[in-house]
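Visitor: Quick one: the structure is below, and I'll ask about it shortly.
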Amino acid sequence: MLNKYPLWKNSLLLVLLILGFIYAAPNLFPEQPAVQISPSTAIMHVNLKALQAKVNALIKAAQIAPVSEALNQQTLLLRFNNTDTQLKAKDILSTALGDDYTVAVNLLSSTPRWMQAIGASPMKLGLDLRGGVHFALEVDINNLIAQRMQGLAKNISENLQQARIRYMELTPKEKQLSILFRNKSNLLQAKNLLEQQFPAFEFTEATDNPKQLRIVWSNQGLNNLRQLAIDQTINTLRNRINELGVAEPIVQQQGNNRILVDLPGVQDIARAQQILGGTATIEFRLLDTVHNPHLAEINNTIPAGSQLYQYESQPILLSKQVILTGNSITDASTSFDESGRSAVSISLGGGGESYFHQVTGENVGKPLAIVYVETKSSVKVVKGKITHIPRKVERIISIARIQTALPPNFQVTGLTNPQEALNLSLLLRAGALPAPIYVVEQRTIGPQLGAENIHKGIISIVVGFILAVVFMAVYYGVFGVIADIALALNLVLLVALLSLLGMTLTLPGMAGIVLTVGMAVDANVLIFERIREELRNGVSPQSSIHAGYDRALITIIDANVTTLIVALILFGVGTGSIKGFAVTLTLGLLTSMLTGIMITRALINVCYGGRPLKRLPIGI
């Protein structure tokens with residue numbers, strides 16, 4: 001009896017190994033610190049050759065030498081040897097180039113282009129390995145509840161008027177709404193009507209006043225509102241992070257009202273915090289041309305339905321009625337107005353554009369104001385607890401006369417600088433937050449600490465690998481060396497899979513690799529011991545090899561399936577780093593099965609399977 005794989009099976013294994021080496025190879029090419037220079041606005045066209053010459057002169061004067069330079073469409077990329085040189089170059093170029101250009105720091109792969117062309121890229125590193133910033137954000141659910149109660153009061157008032165049910169007083173509070181009726185009959189009619197229209201609320205008659213109806217959130221309704229707010233906030237944060245260009249961010253819920261955000265590789269922390277927590281939007285309002293704003297300011301008597309602002313050091317009265325908000329905007333990009341100042345090009349399509357077109361058409365020749373609205377918060381300590389107090393900051397950024405009914409595409413002008421235009425366009429594109437969010441924890445992991453974690457992780461993998469290799473070689477001889485070769489190939493295939501699937505490697509993920517190294521030889525131990533047992537029973541070497549692999553297979557599958565079940569449970573109930581560990585362990589099990597069974601069998605077949613044997617070099 002001879003042990004041989006058919007040619008197609010050997011060829012398939014060889015192709016898999018070659019692909020594994022190709023897709024694992026990009027991890028040998030480290031990321032390089034880089035500075036990215038691009039125009040501040042999308043429609044700004046620049047002479048990149050002239051920009052490159054200017055940049056080279058600036059960094060040469062500062063005695064800084066980049067490793068390489070590259071022009072990519074409207075972007076100039078400079079690579080450097082280390083982070084210190086990168087940050088020094090960034091500071092010099094930001095100061096010299098001014099607001100016309102955006103100078104950002106980045107980390108770029110040095111993978112050869114032919115590898116990138118076939119989709120080969122290195123594993124993405126998590127926050128603990130690459131460095132970056134961690135935020136814990138708290139969603140102000142109470143603020144959202146108060147907003148919803150105000151909206152509920154308006155809706156209930158309209159519904160009662162339509163149903164011709166009279167009431168005396170409607171009082172909204174933060175978490176409760178009370179309605180006072182003239183008689184009990186009106187109260188019961190209103191209760192029956194509102195219970196059908198607003199199932200998320202509980203309607204009860206006040207014990208101290210039989211004519212008063214109290215409305216509060218039901219537990220289910222409150223939980224649904226809270227979860228909806230968290231889900232919408234997570235979605236908006238992901239959109240904003242995508243606009244920042246962060247690779248492999250982690251955004252996940254923690255508890256009832258917190259969201260954890262990990263941004264690997266981010267070095268501009270202030271900018272990240274500004275974008276994540278930003279609540280900037282715009283509102284379009286008509287000017288109140290009936291009343292005198294100077295008299296309103298002097299007498300401190302603001303007409304009903306109007307609001308007093310300052311614009312270019314002059315008082316301005318605006319109508320409180322908002323004819324369009326940022327929620328109706330589907331796209332926004334930075335641009336320039338006719339005078340060359342920063343602007344934002346707006347595209348509508350999110351609802352409300354027909355009303356906007358109608359109102360502007362009815363008010364041709366009248367002034368229209370654009371109000372920039374931003375929510376900021378101040379921190380106060382109340383009874384030993386940190387409390388965030390939101391405040392709305394509004395300012396008029398533009399006033400222009402309506403020449404015609406405004407179309408779905410137009411420009412917003414009056415912004416102070418390109419950075420403000422860039423931030424506003426980003427926030428409008430990503431969408432508004434359903435409730436204010438506050439940074440309750442911020443932690444920065446520097447690149448040096450990440451490099452130290454990588455070093456320790458690699459040391460643990462190498463030590464585990466060497467111990468397994470030495471044991472197998474000493475105890476199982478030539479067969480042990482074959483298992484060691486398969487173990488090395490297992491690591492290559494695992495790294496290739498992680499890279500090909502775009503997985504993010506974290507410190508727990510590296511622990512999963514270490515565990516895989518330790519478990520990978522289990523299959524070979526079972527197989528080799530079975531072969532030894534067959535040899536002791538007087539079975540021929542070739543038959544022993546066949547029986548060893550054949551009869552140990554069920555035990556190997558059983559052991560790996562139980563481990564796989566645990567890994568899947570960890571992935572299902574875990575978060576963040578625990579999921580990373582579970583994914584690495586699962587992929588490690590698959591590659592271990594391939595290398596421990598099929599590749600070792602193929603190597604043993606090549607070495608011993610094609611000829612008669614009197615004995616096997618299977619160790620001690």
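Each position is counted from 1, following the chain as shown.
Glycine is treated like the rest: Cβ placed from N, Cα and C.
Keep in mind that TrEMBL annotations are predicted by a computer and have not been checked by a curator.
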Visitor: Give the range, chosen from 55-79, 580-604, that TrEMBL lists as transmembrane segment.
Guide: 580-604
Visitor: Which value does the mean pLDDT take for the domain 'SecD export protein N-terminal TM' (2-104) in this predicted structure?
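Guide: Mean pLDDT, the domain 'SecD export protein N-terminal TM' (2-104): 81.
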Visitor: Would you mind splitting the domain 'SecD export protein N-terminal TM' (2-104) into helix, strand and coil residue counts from DSSP?
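Guide: Residue counts for the domain 'SecD export protein N-terminal TM' (2-104) by secondary structure: 54 helix, 22 strand, 27 coil.
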